């Protein structure tokens with residue numbers, strides 16, 4: 001057991017280093033190509049001329065597509081191992097190292113160029129790949145899946161500062177159940193990854209800064225649970241829209257480079273309306289939580305952002321769908337909060353409260369993992385007083401969503417990509 005805990009610690013450190021390497025590579029490329037050192041792609045887009053804002057996502061998509069297409073052509077004849085940590089866990093615990101690195105590099109290109117896709121997909125993949133490489137060299141074959149799972153959880157902890165949610169992500173989504181025998185090393189890896197990330201970043205700050213002073217009474221719980229009901233309907237709709245977008249791109253019968261370029265061009269066109277469509281939505285989520293926008297502005301940004309997410313995901317851009325889902329959930333929750341605010345005092349507080357509820361419940365509705373979704377929002381924001389209400393709302397959203405659509409967003413995304 002102590003041997004496993006030691007290995008889990010080492011994997012946590014490796015995973016944090018992998019996440020940090022991807023993050024620093026992003027910052028370097030943003031500085032080189034976009035002259036941006038703020039870490040915010042929205043700020044980068046605002047500083048570009050309209051024509052550069054238009055073509056940059058298209059060029060990034062084209063470059064990523066050429067990279068993936070070229071690698072595929074070069075390796076047509078050799079057998080393929082998984083390039084996805086979920087698939088690796090469901091098979092024999094092995095990765096195609098070269099293809100996984102190429103996929104991560106392609107993800108880096110589309111993320112840096114502004115596509116509305118999450119960076120966490122590549123971060124978790126690299127963390128799991130680092131864990132797999134270590135495990136194959138130093139551990140018996142029957143343990144490989146455990147260490148890949150530990151690496152994936154540690155990658156999520158490093159990316160989102162949420163070790164408990166990262167561990168439950170593995171337990172609820174990948175293992176399908178809370179397996180206590182396997183959860184110990186997974187939790188250790190996740191916590192060590194978070195601590196290592198804090199050391200590398202020089203701070204232990206939360207991922208999102210929130211100033212919420214509202215007291216929770218029966219009225220607030222009713223609003224939170226009602227947000228869960230709405231998210232339970234929106235989750236299947238969002239997944240259906242992603243599938244429809246993916247099928248629409250396939251019907252065009254374009255080669256991968258041109259398909260990804262078209263997706264990037266759509267994002268570029270939308271960014272002419274509002275630069276907030278660039279990137280995974282992290283900086284916009286933070287600005288909304290600090291200063292909730294007006295009703296009409298939420299609706300306009302939401303419409304443009306969801307079209308950008310559909311274009312990026314549907315075109316096959318390699319990356320995650322986790323953070324974009326958080327943005328969509330925040331917008332839905334704040335939209336509902338503004339509606340409640342027509343009749344109730346403290347409209348900004350209500351908007352922030354239901355924005356957080358929207359993030360948690362739409363995440364639960366799309367992942368079918370209510371416990372993970374609840375803890376994720378609490379760990380990212382530090383608002384643990386919301387836990388009871390969010391847990392009820394997330395269960396409601398997950399049950400309703402699963403009733404309407406059996407597959408989660410991760411199973412759907414894996415099947416399409």
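Yeah, the Cβs are placed from backbone N, Cα and C, and that goes for glycine too.
Since we're looking at a predicted model, the values are computed, not measured.
Over in Swiss-Prot, the protein carries these features:
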TOPO_DOM  1-4  topological domain 'Cytoplasmic'
TRANSMEM  5-25  transmembrane segment
TOPO_DOM  26-53  topological domain 'Periplasmic'
TRANSMEM  54-74  transmembrane segment
TOPO_DOM  75-145  topological domain 'Cytoplasmic'
TRANSMEM  146-166  transmembrane segment
TOPO_DOM  167-172  topological domain 'Periplasmic'
TRANSMEM  173-195  transmembrane segment
TOPO_DOM  196-221  topological domain 'Cytoplasmic'
TRANSMEM  222-242  transmembrane segment
TOPO_DOM  243-257  topological domain 'Periplasmic'
TRANSMEM  258-278  transmembrane segment
TOPO_DOM  279-287  topological domain 'Cytoplasmic'
TRANSMEM  288-308  transmembrane segment
TOPO_DOM  309-315  topological domain 'Periplasmic'
TRANSMEM  316-336  transmembrane segment
TRANSMEM  339-359  transmembrane segment
TOPO_DOM  360-379  topological domain 'Periplasmic'
TRANSMEM  380-400  transmembrane segment
TOPO_DOM  401-417  topological domain 'Cytoplasmic'
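Residues 61-62, 65-66, 68-69, 72, 263, 310-311, 313-316, 412, 416 of the same chain lie 6 or more positions beyond the ends of the topological domain 'Periplasmic' (243-257) yet place their CB under 8 Å from a CB of it. Same-chain neighbours of the transmembrane segment (222-242): 306, 310, 313-314, 321, 325, 328-329, 332-333, 336-337, 340, 350, 353-354, 357-358, 361-362, 364-366, 386, 389-390, 392-401, 404-405, 407, 409, 412-413, 416, counting only residues six or more beyond its ends whose CB sits under 8 Å from a CB of the stretch. Cβ atoms under 8 Å from those of the topological domain 'Periplasmic' (26-53) belong to residues 108, 111-114, 119, 268, 271-272, 275-276, 278-279, 282-284 of the same chain, restricted to positions at least 6 beyond its ends. Assigned with DSSP, the residues of the topological domain 'Periplasmic' (360-379) fall into helix, strand and coil as follows: 18 helix, 0 strand, 2 coil.
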